[in-house]
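Quick notes on the structure that follows.
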Amino acid sequence: MDSFIKNLPKVELHLHIEGTLEPELMFELAKRNNIDIPFDSPDQVRQAYQFHNLQSFLDIYYQGANVLIHEQDFYDLTWAYLLKCQQDNVIHTEIFFDPQTHTERGIEFETVIAGITRALKQADQELGISSQLIMCFLRHLDEESAFTTLSKALPYKKHIIGVGLDSSEVGHPPEKFQRVFQEALNHGFLSVAHAGEEGSAQNIRDAIEMLGVTRIDHGVRCSEDPELVAELVAHRMPLTVCPLSNTKLKVFETMQQHNIIELLRKGVCVTINSDDPAYFGGYMNDNFLAVAHAHEITKQELAQFSINAIEASFISPHAKEDMITQVRHYLANH
Ligand code: ADE
Ligand code: ZN
């Protein structure tokens, strides 16, 4: 089963590029950019990654991003992640970035997007990995800051397929960003939002109704509302679930208690993703393996996660067909 998982073609739909900053690169960039970090070694950084909820993670995560200054830093960060994709047989990835984490520190939007897109283009050409880019608004910041960020993104619209919403969910409901999402939709961006990670099932309903999302990021707390689960099934509303993230941030105490398999068997379009792999202990293969080791699951069900992700992705119908054929072919031969 492990080798089936490792070689299965996969699509990632929930990945924060800032969350791929491995401690070794953090140290290298801190040195290169003359930035103080409160750790003596990469191992010491790893030991500090003990989280008890989302906020305890976010505090460390935003601090880590301080070492990212130059275009080359964003390129190095993104390229390192894409090499992990190659290792894990990820054939397509849709990447979040948080512009406000950088613009609030005086880094230009242009610097961030130039570094990321240079790596994405190279991965397409040299590794055969396709990608899309999604810009997230930080929900702990105000609506005005989100509007400013949207206006900064407009000159780079051809590089950005959609907008998303991340950071602290509790206390910052979808409603707060209804107007800026409407404006983004008017400009032709697609939309997604983190909802039902730590926050209630109601946030999932509100993200769908108020923010016009075509996917829900996390969404695992839908189980608290059986009618909502039935609606997610009926509308094939995808959930980009992140198993290792959910156990590290104590959304579920153990992987055995995780509801991803139950949701899959109910017919929800659930997918497996890595969220912030440098912080949560693993990339795509590790997430698939963790689920498969904690639950009785068939090869067909594992392949269904890939097929769901392809269906939920922001690529052309033709590209989807090609990828689904790859997965079906793999399943038939392994
Ligand atoms: N930003 C990065 N990872 C996140 C997560 N899991 N939830 C909310 N915001 C995030
Ligand atoms: Zn996330």
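Cβ coordinates come from backbone N, Cα and C, glycine included.
The Zn(2+) site recorded in TrEMBL includes His14, His16, Asp275, and the single candidate from His92, His102, His187, His194 that the record places there is His194.
In the three-state DSSP scheme, Glu197 (active site, proton donor) is classed as coil. The number of other CB atoms found within 10 A of the CB of His194 (Zn(2+) binding site), across every protein chain shown, is 28. Of all the recorded positions listed (Glu197, Asp275), Glu197 has the fewest other CB atoms within 10 A of its CB. Within 10 Å of the C-beta of His14 (Zn(2+) binding site) there are 29 other C-beta atoms, taking all protein chains into account. Checking each of the recorded positions (His14, His16, His218, Asp275) against Glu197 (active site, proton donor), the C-alpha distance stays within 10 Å for His218. Residue pair His194 (Zn(2+) binding site) / His218 (site 'Important for catalytic activity') shows a Cα separation of 6 Å.
His16 (Zn(2+) binding site) sits 13 Å from His218 (site 'Important for catalytic activity'), taking the CA atoms of both as reference points.
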